[in-house]
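What follows is one structure encoded as structure tokens, with my remarks underneath.
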Amino acid sequence: MKENAASRVLFILLLFLFASLLNGQSPPEKPKLIKCRSPGKETFTCWWEPGADGGLPTNYTLTYRKEGETLIHECPDYKTGGPNSCYFSKKYTSIWKMYVITVSAINQMGISSSDPLYVDVTYIVEPEPPVNLTLELKHPEDRKPYLWIKWSPPTLTDVKSGWFSIQYEIRLKPEKATDWETHFAPKLTQLKIFNLYPGQKYLVQIRCKPDHGYWSEWSPESFIQIPNDFPVKDTSMWIFVGVLSAVICLIMVWAVALKGYSMVTCILPPVPGPKIKGFDIHLLEKGKSEELLRALESQDFLPTSDCEDLLMEFIEVDDSEDQHLMPHPSKEHMEQGVKPMHLDPDTDSGRGSCDSPSLLSEKCDEPQAYPSKFHIPEGPEKLEDPETNHTCLQAPQSTSGEGKIPYFLANGPKSSTWPFPQPPSLYSPRYSYHNIADVCELALGMAGTTATLLDQTDQHAFKPSKTIETGGEGKAAKQSESEGYSSEPDQDMAWPLLQDKTPLFSAKPLEYVEIHKVSQDGVLALFPKQNEKVDAPETSKEYSKVSRVTDSNILVLIPDLQAQNLTLLEESAKKAPPALP
């Protein structure tokens with residue numbers, strides 16, 4: 001019995017369910033959110049489209065939450081925006097916040113929810129259409145008539161505060177036309193329309209759009225009637241230009257017809273014929289080139305010639321090897337000053353390349369013929385720094401026959417600057433000066449050469465004036481014994497004839513600090529500070545007066561002359577070596 005009762009109840013329930021299905025009752029369909037719109041970024045409204053209710057009463061609920069929050073809120077106002085809408089007032093509106101909105105449909109059979117809609121109020125702004133649209137025809141005196149359109153921004157849009165800016169779009173057309181003429185007016189509230197058709201009735205509409213958002217709806221249509229006498233275009237200027245152009249063209253055609261040849265000649269002048277003197281056109285036409293060239297040659301035309309034919313090529317041969325290895329002796333007496341008589345004849349003839357220092361060193365290694373007699377004092381003497389005065393020691397000394405002057409005073413700077421081979425046994429001590437002339441005078445022996453040099457260069461320079469002394473007089477310097485140069489037996493070098501017993505260097509260093517005379521060729525005539533004897537070393541001589549500077553920037557030093565110094569200089573002049581023949 002119990003089993004029969006349970007089966008009966010289940011059967012009854014199935015009958016009721018089948019009956020309900022036959023009556024069309026079911027859960028509601030899923031609703032759809034259409035859009036959300038904000039008129040001015042302060043409030044916004046959302047609309048949805050409901051689905052089938054399933055034959056039962058259905059309730060719709062809009063819920064939302066802000067991005068980053070978990071709390072779900074229900075729509076605050078279902079009535080302000082109309083049916084199936086939700087209105088958010090300023091209290092519930094936030095800028096730069098994302099809203100997640102969902103609509104749910106509920107009845108007795110079940111519940112259905114829409115897909116979520118993500119809304120940012122900044123980008124859903126859709127303002128109301130502009131208001132107060134005004135149309136008016138203007139007839140200014142100085143310009144053409146036009147249609148003046150004026151409007152006002154939407155009431156719910158705060159444009160004056162600068163919250164956002166609005167762009168406008170105006171469209172108009174004749175009443176019976178199908179296409180609209182569109183004009184764009186950014187941030188303006190008025191517009192002028194020209195070139196309207198007279199006698200037509202125009203329809204005008206306007207809409208607006210914010211910087212970020214959507215275009216508003218078109219405003220209601222406005223009408224205006226254009227009168228029949230309304231000028232469309234000002235063609236008077238074009239008519240005047242056309243008439244003037246036609247007149248100018250007619251005048252030009254008439255002038256060409258009357259004076260065609262003269263005008264063509266003026267515009268395109270003829271090419272002038274050839275006017276070369278002696279040029280015969282007939283000879284050129286006949287092809288007789290020889291006669292034509294003969295005619296040209298007879299008209300004072302200079303014959304052409306190759307410039308290279310006029311040049312003479314020559315080679316200057318210079319085989320004088322000893323001329324550069326040995327200095328040239330002076331040939332004039334140096335009465336008015338020490339002047340070099342020898343001038344190098346080398347004037348860019350290729351001798352410079354042959355007289356290179358490396359080549360001269362090779363030439364000096366070869367055996368050469370030197371003057372007949374040469375005396376070298378005994379006893380070699382090593383120097384402290386042989387590089388300081390190698391210039392004079394490497395060059396053989398020579399005295400002129402008349403002036404008794406070393407060769408470095410008679411030759412130019414070129415003959416005495418290149419190195420000569422130096423025997424390893426020849427050395428000279430370092431002195432307190434490094435002048436070339438001073439060192440060379442020491443090489444010849446200061447005892448005999450200095451006086452001769454002073455007597456031969458300028459005897460008028462012995463008048464001392466305002467002697468300047470840099471060192472104290474009478475100071476004795478201890479010096480070692482003089483040592484001469486030792487000559488090697490296999491070298492037969494040409495040196496001037498010196499005294500047999502005269503040492504090559506003084507026993508004590510000579511400090512030349514006073515100049516007697518400088519010649520025009522840069523030769524120094526030096527005076528010692530005090531006269532000294534070669535055989536008996538005495539106090540050092542200090543030179544402190546400059547006599548003159550030669551053309552070659554060589555100083556002539558004069559000592560503080562005293563009576564005993566003059567006597568010693570005269571004695572040394574008498575002992576000077578005789579001149580070589």
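Any Cβ shown, glycine's included, is placed from N, Cα and C.
When ASN132, ASN389 are compared with the annotations in Swiss-Prot, the one labelled N-linked glycosylation site turns out to be ASN132. ASN59 is the residue among ASN59, ASN565 that Swiss-Prot describes as N-linked glycosylation site. When Swiss-Prot is consulted, the disulfide partner of CYS36, picked from CYS46, CYS75, turns out to be CYS46. Each residue of the domain 'Fibronectin type-III 2' (129-229) gets a DSSP state, and the totals for helix, strand and coil are 0 helix, 48 strand, 53 coil.
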